[in-house]
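Participant: So TrEMBL says this about it:
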TRANSMEM  12-32  transmembrane segment
TRANSMEM  82-100  transmembrane segment
TRANSMEM  107-129  transmembrane segment
TRANSMEM  158-176  transmembrane segment
TRANSMEM  196-217  transmembrane segment
TRANSMEM  238-262  transmembrane segment
TRANSMEM  303-320  transmembrane segment
TRANSMEM  332-353  transmembrane segment
TRANSMEM  394-414  transmembrane segment
TRANSMEM  439-456  transmembrane segment
TRANSMEM  468-488  transmembrane segment
TRANSMEM  846-868  transmembrane segment
Amino acid sequence: MTRSLSRHGLTWLAAFWIPFIIMVLVFANMHVAPFGPRSLQFSDLQSQYVPLFQAYRHHLLTHSFNLFSFSLSVGGSTLPLAAYYLMSPFNLLVVFFPAVKVPIAIVWIIILKISTIGLTMAILLTHLFPKGRSSIPLFSTAFALCGFVALDFYNVMWLDALIWLPIVTLGLYRIIEKRRFGLFTIALTITIFSNYYLGYMTGLFSIIYFGYLLISNSDQPRPLKQVWREGWPLIRQFVWGGLLAVGLSAVLLIPTGLGMLATGKTTFNLDAYNITLNFGPEIFTQFGIGGGQFTTHLYHGPALYMGSLMFLLVIVFFVSPRIAAPAKNRALWLLGILFVSLWITVLNTIWHMFQMPEGFPFRNAFFFTFVCIIIAYQAWQTHPADTLNDPQKILALAWGGGLLLIGMVSARIYPRLMNHFIHDRFSSYYVLSQPSARYTWIAIGLLVLNVMLLFISEHTAIRASLMALILFSELGVNFSIAMNGISWTNQSTYAKAYQAERQAVDQVKPKSPDLYRIDFLPTNLQSAFTERYSAYNDPITFGYAGIGAYSSTLEAQNQAILKDLGFFNLNERRVSSEGATSLSDLLTGTKYRLSGEGTSPADIQPVTTYAGMGYSVPKGFVTTKLFSDNIFANYRRIMTALDQPNAVRKVTVLDRKETSGQVTLTVKSPTGGTLYGYASSKNVAYSSIDRDADSPRSSTVASANGGYLLNLGHLKPNQATTISYTIRSAAKHDLALATLNEKQVQTAARALRQRSFTITSRQQNGLTGTVTGTRQAKWLYLSIPDLAGWHATVNGKPVHISSALTSKFQPATKQQAKFYNGMMALPLSTGKNKVVLRYQTPGLNWGLLVSAVSLILFLGSEIMTTVWHRRD
């Protein structure tokens with residue numbers, strides 16, 4: 001290793017520092033902090049990564065790692081979330097920055113990750129091609145700043161897969177060359193740990209690439225049976241090494257897999273398994289500069305850009321007489337398999353863990369680019385200027401320019417045809433995602449320029465410097481183009497709003513061992529963003545128990561009960577505290593309601609219906625069932641179980657008018673109370689709902705399509721009021737209106753407060769408390785979701801945890817509705833009861849066992865292999 005480092009040191013340093021400098025220049029040119037006023041907070045960076053990294057920083061500095069968090073909606077397992085977002089060792093950098101500067105820390109993490117991609121790619125290339133090391137940084141930088149990275153760099157956790165891909169591939173070569181699987185196993189294990197999602201894809205790629213290496217392990221073409229027979233010892237090494245990598249990762253994979261099965265992302269969508277084509281000839285524009293921009297990040301073609309020099313060299317590989325025909329055929333098959341797996345829907349679905357992604361498509365595109373760059377370097381090694389004749393040089397230019405022109409013409413035709421016949425939101429996005437023709441002409445110009453430089457016979461330093469300058473400039477410009485359309489946030493404004501919100505939360509956060517929820521909406525942070533800020537993950541950011549959450553690991557069970565209580569639920573990844581009522585406050589243990597704006601002190605209001613995080617209730621309350629899109633009926637059933645059957649009353653419609661999609665209702669309620677509106681259908685435009693008096697607070701969620709309770713102000717008994725709203729279709733409009741009698745909810749809360757659960761201690765993964773049971777109220781209701789992993793004892797005896805307020809819910813489109821567990825309910829004895837709750841991540845112990853056994857097997861295999869090699 002020391003000899004390799006001294007021999008290749010300058011090459012590897014250049015491979016790291018060139019992408020580093022390019023990225024610093026790109027971010028400085030875009031005025032991104034710390035090089036300017038703009039904060040790198042947009043898309044998932046704003047809504048997920050910054051909050052999660054701030055929470056991660058807090059836990060690292062306070063050494064408070066919990067397996068269960070009350071900041072994840074109404075409570076959730078932390079291990080699946082950490083496995084999906086936070087396992088990269090680069091994330092440790094956040095501890096060197098204050099919380100308010102975590103966005104700046106993420107900028108440096110991105111720069112370092114991209115630079116390390118260049119380094120590991122250079123390590124692979126120096127192994128594969130020991131000669132001509134000085135040119136390797138061109139190719140490693142092309143991979144580090146390829147189209148996939150430019151379009152998806154803000155999905156920070158994915159970059160680790162590109163860092164480890166060259167090392168995994170180097171491990172495959174070691175199996176072939178030395179019959180040692182150790183490097184492959186270790187690299188694949190680290191890839192899975194860093195991000196299991198792309199680690200799965202890397203495993204698939206390893207199977208394909210290992211097959212390619214087996215077939216290539218001979219100068220002469222061989223039948224597949226012979227390849228299998230002769231390669232069987234190597235296949236055994238590969239399979240065993242891969243299985244050990246999975247086993248070593250089991251401590252993460254088993255609990256994470258069980259956690260993901262509890263989300264709403266388990267939908268089986270038949271459309272994702274069609275044998276249909278995802279794109280047409282317009283895909284060739286992706287080989288040119290400017291192939292993608294942030295404005296169309298939700299759907300676009302595969303990001304295949306690698307720089308015009310790399311694109312030209314891939315073509316040279318197939319034109320060059322110095323490359324043997326069998327090698328060309330094998331490379332063509334390899335690229336063909338990877339390309340077809342992007343092209344055909346069912347194959348692309350398999351790559352994405354059998355689930356088509358919602359946004360950020362073709363997450364496997366970088367494997368194609370990776371192979372292209374290896375092939376390009378092989379072509380470079382043939383010295384094309386000397387080995388290609390003039391017709392072959394012209395042919396290479398014609399192929400490259402022709403493909404770009406075909407792509408440019410097709411980009412104006414094929415996506416529109418696809419949108420005409422399919423016409424869904426993704427096909428509409430795809431039309432908009434096509435690059436401007438001027439970028440294709442620039443790409444052709446760059447191709448011609450590279451042809452002129454590449455095919456000049458004199459190997460001068462000036463020529464090499466010009467090619468490097470063009471490539472690096474082109475990669476930087478393409479990265480900048482990919483950032484077009486970002487809505488920037490001012491870092492200074494964000495910092496001030498963050499501090500204001502932090503001060504407000506600190507005033508009301510519970511002191512240990514107390515526990516209660518806080519509803520903070522609208523937040524101070526909203527003023528810092530030019531686009532709508534939904535505050536889903538503010539509880540994670542500021543470390544309090546809340547309602548909202550946004551992550552790919554959000555439990556469907558939490559969505560179910562919150563949706564059925566009237567909270568906003570956009571999709572299977574997001575839930576908001578928008579839609580809260582006095583009754584939902586009672587049921588969720590919400591003690592304070594805050595609202596803020598800018599840097600002004602937040603308004604803090606105690607919740608009058610707070611009765612604690614739990615209380616003893618009658619059996620009828622526990623067995624109450626909730627149903628989707630039937631919120632007012634749910635409320636009536638709950639209040640009836642709390643001896644307040646008349647708390648929820650439908651309004652009487654006195655008059656109804658409808659003109660050109662505009663509906664006006666005149667309504668009254670016999671009892672009065674807070675008037676709420678609810679529409680389950682997107683047919684009612686929530687943003688249009690208005691009342692002649694007592695206007696509701698403005699919505700903070702990024703949707704005007706309904707699905708949550710909208711507060712329309714107070715209504716006196718028998719007071720007539722006018723409600724107006726817009727419908728999108730005359731066929732159906734289902735705005736339901738009802739009043740909730742706040743006094744009756746407060747009466748119920750006072751009664752429950754007398755029997756509230758008092759928390760006496762909170763441990764790292766559990767809590768202890770006392771509660772009084774009566775003959776009428778022999779069940780403890782806890783505002784903690786009844787998720788797998790919880791264990792309880794009452795008065796020292798283990799008890800079965802039942803589920804209160806089970807919810808019928810449809811977590812995603814085309815997924816069948818089913819009943820989900822609700823909140824925890826425990827049987828009590830009459831009198832005082834001591835309750836102890838403990839949480840253990842499901843599958844963690846099994847994962848530890850499998851990983852421990854796998855580690856023993858791995859070490860044993862390595863020792864035995866070393867002994868055998870020494871004997872040989």
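Cβ from N, Cα, C; glycine included.
Model, not experiment: these values are computed from the prediction.
Can you walk me through where each of these features ends up in the structure?
Facilitator: Using a Cβ-Cβ cut-off under 8 Å and counting only residues 6 or more beyond its ends in the same chain, the transmembrane segment (12-32) has close neighbours at 5, 38-40, 107, 110-112, 114-119, 121-123, 126, 136-137, 140-141, 144-145, 472, 475-476, 479-480, 483.
Residues 88, 90, 110, 113-114, 116-117, 120-121, 123-124, 127-128, 143-144, 148-149, 152, 182-188, 190-191, 194-195, 197-199, 201-202, 205-206, 209-210, 213-214, 217, 234, 237-238, 241, 363, 366-367, 370 of the same chain lie 6+ residues outside the transmembrane segment (158-176) yet bring a C-beta within less than 8 angstroms of a C-beta in it.
Same-chain residues lying 6+ beyond the ends of the transmembrane segment (238-262) with a Cβ under 8 Å from its Cβ atoms: 77, 79-80, 83-84, 87, 171-172, 175, 181-182, 184-186, 188-189, 192-193, 196, 199, 203, 206, 210, 553, 555-557, 787-788, 841-844, 846-848, 850-851, 853-855, 857-858, 861.
Long-range neighbours of the transmembrane segment (303-320) within the same chain, counting only residues 6 or more positions beyond its ends whose Cβ lies under 8 Å from a Cβ of the stretch, are 138-139, 142-143, 146-148, 150-152, 283, 286-289, 291-292, 328, 331-332, 362, 365-366, 368-369, 372-373, 375-380, 382, 384, 387-388, 392, 395-397, 399-400, 443, 446-447, 449-451, 454, 467, 470-471, 474-475, 478.
A Cβ distance under 8 Å defines the sequence-distant neighbours of the transmembrane segment (332-353), meaning residues of its chain 6+ beyond its ends; these are 197, 200-201, 204, 208-209, 212, 271-279, 302, 318, 362-365, 367-368, 371-372, 375.
Sequence-remote contacts of a segment are chain residues at least 6 beyond its ends whose Cβ falls under 8 Å from one of its Cβ atoms, and for the transmembrane segment (394-414) they are 279-288, 311-312, 315-316, 319, 384, 388, 434-435, 437, 440, 443-444, 447-448, 451.
Within the same chain, residues 18, 22-23, 25-26, 29-30, 38-39, 42, 137-138, 141-142, 145, 147, 149-151, 289-296, 305, 307-309, 439, 446, 449-450, 453, 529-531 sit at least 6 positions outside the transmembrane segment (468-488) and bring their C-beta atoms closer than 8 Å to a C-beta of that stretch.
Long-range neighbours of the transmembrane segment (846-868) within the same chain, counting only residues 6 or more positions beyond its ends whose Cβ lies under 8 Å from a Cβ of the stretch, are 179-182, 185, 240, 244, 247-255.
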Participant: Below 8 angstroms Cβ to Cβ, which residues of this chain, lying six or more residues outside the transmembrane segment (107-129), approach it?
Facilitator: 4, 8, 11-12, 14-20, 23-24, 27, 32-34, 40, 88, 90-91, 93-94, 136-137, 139-141, 143-145, 149, 153-154, 156, 159-160, 162-167, 169-170, 173, 373-374, 377-378, 381
